[in-house]
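Colleague: Have a look at the structure that comes next, please.
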Amino acid sequence: SSWPAPNYVDPKTNTTLIVGMLIPCGLLVLLFVAGRLFAKANTKGSISLDDWLMTASATMIIGVDVLGCVHTLYGAGYHIWDIPTGWAQPWGKVSLLILFVPSVSLTKISLCVSYLRLFPSRLNKWFCYVTITFLILWSFAVVFLFCFACSPIAGFWDPSIPNAKCLNIEVAFIVSAAINSLTDFTVFLWPTPMLWNVQLPLQTRLSLVFVFGIGCIVCTAGILRAWYITIYFDSDDPFWKSAVLWAILGVEGNFGIICGCLPPLKPALKRLFPGAAFGRS
């Protein structure tokens, strides 16, 4: 069937889903990372490597949030027939490859660095060093793969280039999302068994398990992204479908950082809300 007549004046859009998800998530990340740095500087007297890694991750994910909002000015959330010629820009691919993949990897690397300090067991050290190495290599591999996925190289960023030969981009995106989701589960849930073996009050252990359990939101978002990529690539209206994909990316990238910032924030929260029960360490 043919597309409806284009509406360039007042088209129906789904941009509010993108902006409504990315802006609040970005602001929350700013708040939580700033709170983390403030809490560490005031309670520990110094900011450690895991804090800097989380800050770098936050900087990148905020870049993703900004580019996602910018992308709504160039067709994201629009029906494809309502997009004027020349609007489509590669902001989505830039944010996903250059910023999103390194950001989510840095979040998990930061958590692993924290685990190295909190849990001195040999098994934990082995897990953290192997995971950190894998995440670094995986991030470089994904960025390299997609940057050189087409011949000529510009064919990946500019679909108007004729006769460009590319790898199966859909399969590559799905595999990348699946591996990312798997590492989400392993990193966010890894400390849960160890928390029951450390000498801490039950209330403290329960609160920490709850914090890392929030990471399940990130894991679920990763699974949803892998599934929705198939819908996106099979759609005849990908720009409209991209709104949901951006929303999932927002949850996955931003909530990972928020979850990682919760444990270091506990001292600051106890100062702000002395009557609340945050557990005693």
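Glycine is treated like the rest: Cβ placed from N, Cα and C.
Feature annotation from TrEMBL assigns domain 'Rhodopsin' to 36-271. Positions annotated as transmembrane segment by TrEMBL: 17-39, 51-74, 94-116, 128-157, 169-196, 208-231, 243-262.
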Colleague: Using a Cβ distance cut-off of under 8 Å, indicate which of 128-157, 169-196, 243-262 has the most pairs with the transmembrane segment (17-39).
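Modeller: Result: 243-262.
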Colleague: In the same chain, who gets a Cβ under 8 Å from the transmembrane segment (208-231) while lying at least 6 residues past its ends?
Modeller: 170, 173-174, 177-178, 180-181, 184-185, 187-189, 191-192, 195, 200, 241, 244-245, 248-249, 251-252, 255-256, 258-259, 262-263, 279
Colleague: Where else in the chain does the transmembrane segment (94-116) make close Cβ contacts, counting only residues six or more beyond its ends and a cut-off under 8 Å?
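Modeller: Same-chain contacts beyond the flanks: 48-51, 53-54, 56-58, 60-61, 63-64, 67-68, 71, 124-125, 127-128, 131-132, 135-136, 138-139, 142-143, 146-147, 157, 176, 180, 183-184, 187-188, 190-191, 249, 252-253, 256-257, 260, 263.
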